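Feature annotations, reproduced from TrEMBL:
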type	residues	note
TRANSMEM	39-56	transmembrane segment
TRANSMEM	77-98	transmembrane segment
TRANSMEM	104-128	transmembrane segment
TRANSMEM	148-170	transmembrane segment
TRANSMEM	182-203	transmembrane segment
TRANSMEM	229-256	transmembrane segment
TRANSMEM	262-283	transmembrane segment
TRANSMEM	295-313	transmembrane segment
TRANSMEM	319-339	transmembrane segment
TRANSMEM	372-390	transmembrane segment
TRANSMEM	410-429	transmembrane segment
Amino acid sequence: MSKKISIFEKVLYGSGDIGLNAMYTLFSSYVLYFYTDVIGMNAAIIGSVILASKIFDGISDLIAGQWIDTHKGKGGHCIPILMKWSIPLVVTSVLVFLVPDTSIAVRVLFAFVTYNLFNTVMYTFVGLAHNTLASYATDDSVSRSQMLCYKMLFAAATQMVMANAILPLVDLFGGQKSQGAWVKASLVFGLVGLVFLYLNAFFVKERIDNEAQPENILQSVKVAFRNKYWLMTVVIQICCSLQLMFNLSISVYYLQNVVGNLALMGTYVTLSNLPGVIVMIVLPSFLHKVSKRNLAFMGTVLCLGAQIVFCAAPNHNISILLGTALARGIGFAFIMGLVNAMTGDTIEYGEWKTGVRVQGVLFSAKSVSEKLAQGILTSAFGFFLTAIGYDGLAEVQAASAVTGIDTFFRFVPIGVYIVLIVILIFYRLDGEFPSIQKELESRRASKAQ
């Protein structure tokens, strides 16, 4: 029998992404900028550090997913992790910005260790526990999809608020070139995040037990790779992650060096994310009427059209820059708001196909690919910056650096949208899902007898 839950609990679950994004938006948007422009580390070296870290990050995701699926404590599979690991998550988020002023080797080692403590260990376990919590709270597809839509709603809203709050708060604490200011800002955002993570730990309930647990991590991975629709959602999530990097991280370099006005960052991210907040408020009510695939396809086409318009415009046309950001924000809201819900549906498809339910590993393995994509793009962009002559401490960048950043920011996203369109053409799980759900309920009823 499907377990449905109240609107209050759905919204409260979604607010957990305030907790996660209060820390992660600062980290993902500004950690590269902090390393290169605040403490003067070489962009290629930092790119290598981040790429190497993503290898460990991928391993930790699989371990975390298997742990969640096979270990149950007081409150369930996910709640104990939120309870025990949220404070260490805050501590490590601050450590990232405490790079000592010493030799290059020590600084690189410190950056590598603290980057991985926060991102590879703490954020992986806490973030994955929160992602997976929806599938342990209910097995009703619509209710779970609504929970995950609310999650993305709060993610988009938090990113928008953070984009407008980070630099003013850093300026308040001493300025953008002050390392201490970044340390203090990370502590403030970490404490805000802690409140919402604990609200989830105390008030969201796990109701679904995993009666078809995997025997080991190897079986879990095999089950995942036999799930064609999960593989499709992995590619969709990778594309979403790349787009988020352009919105929140690479845009810093574009606005500062091409447009010449980093103060536009707040406005740019607001216009990119505000449509998402509005769309995701109404999106759950559409899930009964329009398929997730069709909504995501429509959004992708809008994103592609807006990016083509942006590419055709002069690089100093602020109206086109912000107008196309708004249009992309509307389209991207449908994709980003639905990708986790689509992944949730692949849990039932995988159980139906293989007889094994691996929700933790499906979410974690998706996260592996997402983080690897982010790492590869960040590393590639770091090497790219070095190749085009970018100097983070220079007052004025070389013309080759400005042109290179402009080209990268304009044209790479087009490839991302084309890949999304191709994948969505072949995604047909929405139509198959009702019969799959009925058969699974019949199997469970037979086992219970």
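Cβ from N, Cα, C; glycine included.
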Quiz prompt | Sequence-remote partners of the transmembrane segment (319-339) [C-beta within less than 8 Å, at least six residues beyond its ends] | solution = 145, 149, 152-153, 155-156, 233, 236-237, 239-240, 243-244, 259, 264, 267-268, 271-280, 283, 292, 295-296, 298-303, 305-307, 309-310, 313, 420
Self-check item: Recorded stretches the transmembrane segment (39-56) and the transmembrane segment (182-203) touching, at least 3 CB pairs under 8 Å
Solution: no
Quiz prompt | Paired segments the transmembrane segment (77-98) and the transmembrane segment (229-256) in contact, 3+ CB pairs under 8 A | solution = no
Quiz item: Given pairs 6 or more apart, does the transmembrane segment (262-283) have at least three Cβ pairs under 8 Å with the transmembrane segment (148-170)?
Solution: yes
Exercise. Find the member of 104-128, 229-256, 295-313, 410-429 that has more C-beta pairs under 8 Å to the transmembrane segment (148-170) than any other listed stretch.
Key: 229-256
Quiz item: Against which stretches of its own chain does the transmembrane segment (410-429) lie, if we need a Cβ under 8 Å and a gap of at least six residues from its ends?
Solution: 229, 232, 235-236, 239, 242-243, 246, 293, 296-297, 300-301, 303-304, 307-308, 310-311, 335, 342, 345-346, 349
Quiz item: In terms of Cβ proximity under 8 Å, which residues at least six beyond the ends of the transmembrane segment (295-313) contact it?
Solution: 236, 243, 283, 286, 320-321, 324, 327-328, 330-335, 338-339, 342, 410-411, 413-414, 417-418, 420-421, 424-425
Exercise. Mind checking which residues of the chain, 6+ beyond the ends of the transmembrane segment (229-256), have their Cβ under 8 Å from one of its Cβ atoms?
Key: 25, 28-30, 32-33, 159, 163, 262, 264-265, 268-269, 272-273, 296, 303, 332, 335-336, 339, 342-343, 345-346, 349-350, 362, 365-366, 369-371, 373-374, 377-378, 381, 385, 390, 405-406, 408-409, 412-413, 416-417, 419-420, 423-424, 426-427, 429
